[in-house]
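Worksheet: one structure, shown below.
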Amino acid sequence: MVLWGFFLRFRFFLTCGRNCIQKTLDSQDDAKDPGLHTFSHTHMRKAFLLMNDLRSHSRKMLCDVLLVAGEVEIPAHRVVLASCSPYFCAMFTGDMSESKANHVEIRDVDGQTLLKLVDYIYSAEIEVSEENVQVLLPAASLLQLMDVRQVCCDFLQTQLHPTNCLGIRAFADLHACTVLLSQAHAYAAEQHFTDVMVGEEFMALSLQQVCSLISSDKLTVSTEEKVFEAMVAWIKHDKEARLEHMPKLMEHVRLPLLSRDYLVQIVEEEPLIKNNNTCKDFLIEAMKYHLLPADQRHLIKTDRTRPRTPISLPKVMMVVGGQAPKAIRSVECYDFQEDRWYQVADLPSRRCRAGVVYMAGKVYAVGGFNGSLRVRTVDVYDGLKDQWSSIPSMQERRSTLGAAVLGDLLYAVGGFDGSTGLSSVEAYNPKANEWMFVAPMNTRRSSVGVGVVDGKLYAVGGYDGASRQCLSTVEEFNPVSNKWCYVSDMSTRRSGAGVGVLSGQLYAAGGHDGPLVRKSVEVYDPTTNTWRQVCDMNMCRRNAGVCAINGLLYVIGGDDGSCNLSSVEYYDPAADKWSLIPTNMSNGRSYAGVSVIDKPL
């Protein structure tokens, strides 16, 4: 065979163990000539490119079939279609009428989608996007182009979000994409249920689908309260049609795992429970459970007394904005597992002295100071998209405020508006997408720390602009009565203290009283209404960020009265000891906001 003037002899070698058996295609060849074996990696690619060119609308050469879908006609070669698609192979090699037809109509696939898939058969290239994936996947399934189907599944897996995961789960179930179905279900139930339960997709679920979610032992919720709230919200979304399903849903709410106060104040007072005898029985079961001594509760064994065992997602610590030494936009995260800091998307504008919280899967940066003005704007970070967006602004400008999440509301507490300290408090309702005032505190407080324990919001210390004094007083807000009341004072005055909650107790770390910057730490126990001292921090800190994770309390950055700090230390209550983490932030930050978020997968 003559190719480009060269005589090529092909030999095939079959190796088995240590023996080599040689066969030759040329009977006249002898063992002295080793021959040449070659394989072209571009040969098939070139062949398919040429065939694709031959079928183009301008040429239509050697085509032997015309595929028709709606108004779209696609010339093609049977042998190419059959070699890549089992669907076409069965069509053209069997006894079907299409095997001899020049025109073949393809039903259940729109023309443009069919064109994309035929283009893929010839080119091995296809673009999957949000706009086409829902038509591309079922069409690829029909033509049995399994590589394309898998690419569509992989794409949808990367798009999973609390707002769409239930829809993707239903789509995967419809098209028998078992791996994607499992991934979407795990995402919704085992990773992000608290965020999913407030979305529109959850409210549109069927009874069977809701039961499937809330019955899972691996459901990821901070407390069983979230499951009860999700169930009540789903019923009330279409009360007339869904009220009859209340007992069925209550089977899967583990009421005995709720606190006694929550059972009495919330569950027992819920009208849906009061008016349903079967649901009352579940409440009585929970009350009996709590009446037993702790060492006897294991004697009651039902599905509702079994604790859930959620899969723990890796967490990262997010430090938002701050002063370094002026207001900055940068945001960095600390990976606890890898002991490293890394940058994520910057804030849209410079922001320090803001309130930062995590709510429903997003991080909120509330108010603050942009370097020239106190602001009332609010930016929201979506970790899955690594993007910031804006929501409606607060009604008042606030910097050095406290921010916390209680129930379904985000509270902005006190602060400084540029001329005076504030006692006012407002709350953001994400469902209504609006801010509203609630009862004001009894004292003006800027540089205030806040925390939530057992359904109550606490405002700790701060600075009273009227008396020009740092404060030791603490106030407690009851959202049911919409009232603030004083609780026990701290042992020392603290403005700019880092406030956090760990194991149901409120910590106040550092802060200052006039020029004196503190490293002392005290802890408030709401059950006894008392404060106690714990071990001092390693460094004096004020205006530091605080967060709690894995039974440890972290204090991040701040300043010592002369310079900003880049170090982070954590408190272990079991050892009553503070320790520094090995790696500092990229630069010193005071007045930064801190939150713990799920590590983006």
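In case you wondered, yes, glycine gets a Cβ from its N, Cα and C as well.
Here Swiss-Prot flags 63-130 as domain 'BTB', drawing on sequence analysis.
Under the heading domain 'BACK', Swiss-Prot lists 165-268. For the domain 'BACK' (165-268), residue counts in helix, strand and coil come to 76 helix, 0 strand, 28 coil, using DSSP.
Under the heading repeat 'Kelch 1', Swiss-Prot lists 316-361. Averaged over the repeat 'Kelch 1' (316-361), the predicted model has a pLDDT of 95.
Per-class residue totals from DSSP over the repeat 'Kelch 2' (362-408), listed helix then strand then coil: 0 helix, 28 strand, 19 coil. What Swiss-Prot lists as repeat 'Kelch 2' is 362-408.
According to Swiss-Prot, the feature repeat 'Kelch 3' maps to 410-455.
Look at Swiss-Prot and you will find 456-504 tagged as repeat 'Kelch 4'.
Residues in the repeat 'Kelch 5' (505-551) partition by DSSP class (helix H, G, I; strand E, B; coil) as 0 helix, 25 strand, 22 coil. For 505-551, the entry in Swiss-Prot reads repeat 'Kelch 5'.
If you look up Swiss-Prot, you'll see 553-599 marked as repeat 'Kelch 6'.
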Per DSSP, what is the residue tally for the repeat 'Kelch 1' (316-361) in helix, strand and coil?
0 helix, 23 strand, 23 coil
